[in-house]
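Enquirer: Pasting a structure below so you can have a look.
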């Protein structure tokens, strides 16, 4: 199975006058390709998937696949939902469009049991022939995908190959590595990208990568090549921007930073998300002065 790993950005979704800004979206994807990312993740948490219509969600996937076609850059399409039927529909669409894999967040709000989570992921994975990456972010979903359930999925469902682990817990990373050594683990928390990579992680799905794809690409590739000191140096150099980009709920600060850096022509969110406070906006702007944001 040709899986999706390495340096990835969880793409923002730009809006203009309340609608999807497809022109800017394509430009953002092209910029990611220029700066050495291995794969892109449209319509995840950072892409405001929860407030996109189904047609907008699918359009984002279609655009990402189209722009990446022939570049060698893979697309891991967001296909999560708290409805298994909806997740299957999105997964099938992603496969039809030519996505290289799908990223599926644990069902949120309805808080299924571990057996329910197993049956959900099994149904989604078996509906398609492309790889599926699990996505665990209990702070947002209200449910934790337990290690025993992950192990069962990995053993019983052939196209489930890895996890975006966004619990922020290194203890969890070590536990997964110890109990499921052949399972692909990717950091879903920019603050611990380097520690995850240094503990047999095989990639990251980054928010910072939207703004500084060259840095995230270098951080990941140096680690995977065994140059851990250089990877750690890059990781530590991102400390200030990481603090700034999570001063409010993601993706509020990253969209503000992209706008302030001139990478998007507008700063728009879908309600209930709104712009950062004036204080936080100033802090983001000041922090950007310490970094070179390449075109």
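Every residue number used here counts from 1 along the chain in the order it is shown.
The backbone N, Cα and C atoms fix where each Cβ goes, glycine too.
From Swiss-Prot, for reference:
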ACT_SITE  135  active site, proton donor/acceptor
ACT_SITE  164  active site, schiff-base intermediate with substrate
BINDING   46, 205  pyruvate binding site
SITE      45  site 'Part of a proton relay during catalysis'
SITE      109  site 'Part of a proton relay during catalysis'
Enquirer: Under 8 Å between C-beta atoms and at least six apart in sequence, can you list the same-chain neighbours of residue 46 (pyruvate binding site), or say none if there are none?
Expert: 10, 11, 12, 207, 210, 250, 251, 254
Enquirer: Measuring Cα to Cα, how far is residue 164 (active site, schiff-base intermediate with substrate) from the residue listed as 'active site, proton donor/acceptor' in Å?
Expert: 5
Enquirer: Please report how many Å separate the Cα atom of residue 205 (pyruvate binding site) from that of residue 109 (site 'Part of a proton relay during catalysis'), as a whole number.
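Expert: Taking the Cα atoms only, residue 205 (pyruvate binding site) lies 23 Å from residue 109 (site 'Part of a proton relay during catalysis').
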Enquirer: Under 8 Å between C-beta atoms and at least six apart in sequence, can you list the same-chain neighbours of residue 109 (site 'Part of a proton relay during catalysis'), or say none if there are none?
Expert: 82, 141, 142
Enquirer: Highest Cβ count within 10 Å among the recorded positions 45, 135, 164, 205: which residue is it?
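Expert: Result of the Cβ crowding comparison: 205.
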Enquirer: Whole-number answer please: how many Å between the C-alpha atoms of residue 45 (site 'Part of a proton relay during catalysis') and residue 135 (active site, proton donor/acceptor)?
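Expert: Checking the Cα atoms of residue 45 (site 'Part of a proton relay during catalysis') and residue 135 (active site, proton donor/acceptor) gives a distance of 10 Å.
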